[in-house]
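What Swiss-Prot records for C410 is active site, and it gives sequence analysis as the kind of evidence. Per Swiss-Prot, NAD(+) binding site is recorded for 52-53, Q130, 176-178, E196, R201, 242-243, 263-267, 273-274, Y322, G492, and the stated evidence type is sequence analysis.
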Amino acid sequence: MDKRHDPSRRIIAPHGSQLSCKSWLTEAPMRMLMNNLHPDVAERPEDLVVYGGIGRAARDWDCYDKIIEVLKRLEDDETLMVQSGKPVGVFRTHADAPRVLIANSNLVPHWANWEHFNELDKQGLAMYGQMTAGSWIYIGTQGIVQGTYETFVAVAKQHFGGVAAGKWILTGGLGGMGGAQTLAGTMAGFSVLACEVDETRIDFRLRTRYVDKKATSLDEALAMINDANASGKPVSVGLLANAADVFAELVKRGITPDVVTDQTSAHDPLNGYLPQGWTMAQAADMRKTDEAAVVKAAKASMAVQVQAMLDLQAAGAATLDYGNNIRQMAFETGVKNAFDFPGFVPAYIRPLFCEGIGPFRWVALSGDPEDIYKTDAKVKELIPDNPHLHNWLDMARERIAFQGLPARICWVGLKDRARLAQAFNEMVKNGELSAPIVIGRDHLDSGSVASPNRETESMMDGSDAVSDWPLLNALLNTASGATWVSLHHGGGVGMGFSQHSGVVIVCDGTEAAAKRVGRVLWNDPATGVMRHADAGYEIAKNCAKEQGLDLPMLKD
């Protein structure tokens, strides 16, 4: 019997202002853990899988139940320790210490590979936390939408003079992360053709308004794209097909998309990528009997897909890796020039990271969408001179369906995060919001990740693989008084390829919270500016000087 599987479970976080725990500092992590497993949020909630292949919220259902039990009794001077999804200890700390400290899927580097991890996983000794799955701040696909939108806007600026109309994106994957591509693409003005082997995922994206149409053949999908481009109104199409098959077929037909990328779960060849010619049932059976054969077949198909991406790049498509490590998998399978197309961070996002700009997100613990709409208005009020941000907030309200507890994401940086958080805390204090807000972020941020094939690819000083930075980030956020802090390994790109940290803090309207958010939400993005200034980026150095950061080795 698999202790991680229970189809009878249906988890819905409490709404409103009534507490189940002893304070909002423990109610918040409880609600956010539960929200990660909401049926409209998680990919496979019955298996505790939130997104990203096997990214889980808790190690098994016994651990989940015990975490909830402990949070309900936890005092405001105690800290719960969670080791790979398992609650292992409660310790007396102090009121400004985190209420929860989390470490997920961390392995000593020599053993940091999927083979060793999968053995531990089967024995119930580890859990893959992805990034926000095991750190309890996943907000559904919205969590990656703006970052994807910003990337596609940058693609349009670099390659098409800022005009995306009449252009289309080819991609793969409509899971928790990949599902953002279709909506983000159309918001940026592109049509999008996304390949997905799991029809339930396409239907889920249709239901939550992330995909406009479904197609069951390539010809049908291309006709939809062509019609949209002719009309000038972008459309997103979920095509029920294997991405490797479709990408290679387009090369064969001589059809070149304007943009090519991919967000299949290629980071996990055993659980995340369906080999060409295989059914999902066949793959599920083979995972139980011959894991090595599954991995070999999946990586062979990834090699086919990456080769097609290279061919489409040669034919004129703007081609980019979107951080799922598919280039690495193809390289290991013989595609020696797999890294000839760039990752999205060095190509489009790094200048934002240099100013500490990244995926700032917040969630209304009340469950009331009006609380989010009021905070949207507050963001516009406090950042009046950023029409791009205002446009994003307007589009998000109009086009993004909330999943689980209402939430919002917007990319802001060092200059704005702390003051926005303090304003939100004041709104809770004054009764403008019906319950406290939690503020967090993706681990994909400027100072919180070391990932040489994604966020820290091609650092100008060669420090791509130095992982001191996310460790320092986690330590500083803990010292600064975050409500919960997490330190993970393997998110996004898989075992052995990344280390990263997460942070969440509660705005409960108290003066103590105002002080904590002021520290945490200044220091957290400041570590990103520090990291990039240390690597030699002039934008980061200038930002550090402008904001008065004390960086001892930064020369005037």
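Glycine residues also receive a Cβ, built from the backbone N, Cα and C atoms like all the rest.
Within the same chain, residues at least 6 positions away in sequence whose Cβ sits under 8 Å from that of A243 (NAD(+) binding site) are T171, G172, G173, C195, V197, D262, T264, Q305. If you take the Cα of Y273 (NAD(+) binding site) and the Cα of C410 (active site), they are about 30 angstrom apart, rounded to a whole number.
Taking CA atoms as the reference points, S265 (NAD(+) binding site) and the residue listed as 'active site' are 24 Å apart.
When the binding-site residues G52, G176, E196, G492 are ranked by how far their Cα is from the Cα of the residue listed as 'active site', G176 comes first.
Each of the binding-site residues G52, G176, G492 was scored by how many other Cβ atoms lie within 10 Å of its Cβ, and the smallest score goes to G492. In the three-state DSSP assignment, the secondary structure recorded for A243 (NAD(+) binding site) is helix. Fewest other C-beta atoms within 10 Å: among the recorded positions Y273, C410, that description fits C410. Neighbour list (E196 (NAD(+) binding site), Cβ cut-off 8 Å, at least 6 residues apart, same chain): G172, G173, L174, G178, I202, G238, L239, L240, A241.
Secondary structure at C410 (active site), taken from DSSP and collapsed to helix, strand or coil, is strand.
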